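Heads up, the thing below is written out as structure tokens.
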Amino acid sequence: MSSPAEYYKSLPPISKVYGTLCLFLTTAVQFGLLYLPDIALMYKPVFSSFQVWRLITTFFFLGNFSINFGIRLLMIARYGVQLEKGPFERRTADFLWMMIFGALSLLVLSAIPIFWSPFLGISLVFMLLYVWSREFPNAQINIYGLVTLKAFYLPWAMLALDVIFGAPLVPDLLGIIAGHLYYFLTVLHPLATGNILLRTPRWVNKLVARWRIGAPTPTYNSAQPDRTTQAADSTTSAAFRGRSYRLND
């Protein structure tokens, strides 16, 4: 059995960095090193006082130390890691772009008054959960030892539980919307039409290559095709199977 240090070292880079930053920032807030009003997403000081860090720090606060905070970290450690080691294996740039696209989508959605939320970390985690649920729709998930259901329904079950226990609805819902938008643009729409609307920008690939983050981008072959490339080449009837590049499962 591996030690905690060995487990941490084995984690893929993007999920590891995101989870670590969430832990550090939340700890800093808990010990009074940072103050929530200074890192919350508020658009007026962003534009009037150029407090642009708010557009970033909003994604790294997962709530005060609590059971819910621990659950969010575990969601990153499980669902984010499984995505990065599974569908996004050796595709670090694509996974990073998914996170960036999700963050940008959440910032746009949060600019709508009814969707505004001061902290979008939970929303970004829920986006990871939603994409994972679409990539592994038939996985069996046990929720708190009470009920077993298919992974496809997990985001909605978690949203319902949060509402039941008094958590706000908006952060979870924003994550589901952002996750579906990403999955639609990169998988469902290309499968149905053959047109790829959302590709990983070159600057993201160059960033990953320059900083040697994760595995180098592979040259795809028939054994491990590119997710979006195969999506574009698939027939329309396959569009409703909801499994990205693993269409022959």
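Here, residue 1 is simply the first one shown, and the rest follow in order.
Any Cβ shown, glycine's included, is placed from N, Cα and C.
Noted in TrEMBL for the protein shown:
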TRANSMEM  17-36  transmembrane segment
TRANSMEM  56-81  transmembrane segment
TRANSMEM  93-109  transmembrane segment
TRANSMEM  115-132  transmembrane segment
TRANSMEM  144-167  transmembrane segment
TRANSMEM  173-198  transmembrane segment
Most Cβ pairs under 8 Å with the transmembrane segment (173-198), selected from 17-36, 56-81, 93-109, 115-132, 144-167: 115-132
Range from 93-109, 115-132, 144-167 with the greatest count of C-beta pairs under 8 A to the transmembrane segment (56-81): 115-132
